[in-house]
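Below is one structure, written out as structure tokens; the observations come after it.
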Amino acid sequence: MTEKRLLVIGPNGIGKSNLLEAVELLGSLRSHRASSDQDLIHWEEKSALLRAITEDEDKIELELRKKGGRKAYRNDKCLSRQIDLIGPLRCVGFSALDLHLVRGEPSLRRHWLDRVVLQLEPVYSDLMSRLIRLLRQRNQLWRNWKHTSSKDYGTLLDAFDVQLALVSTRIHRRRQRALNRLKPLAILWQERLSKGNEALELHYLPGSFLEKQDEELECRLSIEKQLLEQRAVEQKLGHCRVGPHRDEIEFLLNGASARRFGSAGQQRTIVLSLKLAELELIGEIYGEAPILILDDVLAELDPMRQLLLLEAVGHKHQCLISATHLDAFEGDWRGESQLLQLGNQDGSLELG
């Protein structure tokens, strides 16, 4: 890649998103599209290998396997923890799916915030894995409660609740901390992009009732108490009603809910502000501009927002941008860009 901007052009289904997703996986260890590695591996293959070399000659590799989990390598050395791969290739992804962030389901906003936290605190990946495992095991316990004695059942739930409260507390606090760092930057970007007409507010609404001033121990004990109080209801429903998996992030524009009352254009401007704030925050913390990945998103932005995004990004960030045709780009985006287009009949991509 010789230019700051790489335009990946080709028809749907050719693999443009696969290429950009591979970069995102190497940079953050997470995909915005797939929840399982099996969905990322060709159905006829047992594994997939992602490899990149940075301008600092840092070689990073991630092997995805259908059986046995992942393997991470840095400069040909196998890493004991895959989170140690985060760092050489920091990136921020922005896809057409992100445009539903404001009006979509709460899970979209949680996943977005999780990606931000992961960039700031890589150890967060372990916390999320523990949360998913605990919720799955605890929900299974609810489904099997009829086959367990009440005494054993209560003892098992007590043990699960202590662990779940601890992990939930740490996730809640990290999400709140990340949003607090992102908030002032997003507010400034929204003001700038709307020419001062829109005041953005971001609020973290945890899925557990917590006082803002609570310390970690107080939070944990409060969540344990709430889990105990919800047992009768959870027994009927068969799933957990307290914890980070029920978190919500609320966006307000000029004091009103952006999800309920914001226009499509205003909602897209909010997403743009969040992504630009994310870029700025990561750059400030690590002293290096992250890569911006735009997957089929420019065509969804009107010319004004395209130009605002271009102006904000400038030549500071390396950009990987996909689209089905060059007409999706405003003229200024095509200037000083490298083109990667559909090449051979086998569906591969080649530099143009």
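Just so you know, the numbers here start at 1 and follow the chain as drawn.
Cβ from N, Cα, C; glycine included.
Note that TrEMBL annotation is computational and uncurated.
Residues annotated as domain 'RecF/RecN/SMC N-terminal' in TrEMBL: 6-324.
Among the features that TrEMBL reports, ATP binding site is placed at Gly10, Pro11, Asn12, Gly13, Ile14, Gly15, Lys16, Ser17. According to DSSP, Pro11 (ATP binding site) sits in a coil region rather than a helix or strand.
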Give me the long-range Cβ neighbours of Ser17 (ATP binding site): same chain, 6+ apart, Cβ under 8 Å, in sequence order.
Arg33, Ser95, Asp295, Asp296, Ser322
Hey, does DSSP put Ser17 (ATP binding site) in a helix, a strand, or just coil?
helix
Find, among the binding-site residues listed as Gly10, Pro11, Gly13, Gly15, the one whose Cβ has the highest number of other Cβ atoms within 10 Å in the structure shown.
Gly10
Can you count the other CB atoms that lie within 10 A of the CB of Ile14 (ATP binding site)?
19
Mean of pLDDT values spanning the domain 'RecF/RecN/SMC N-terminal' (6-324):
90
In sequence order, which residues at least six apart in the same chain have a CB under 8 Å from the CB of Asn12 (ATP binding site)?
Thr324
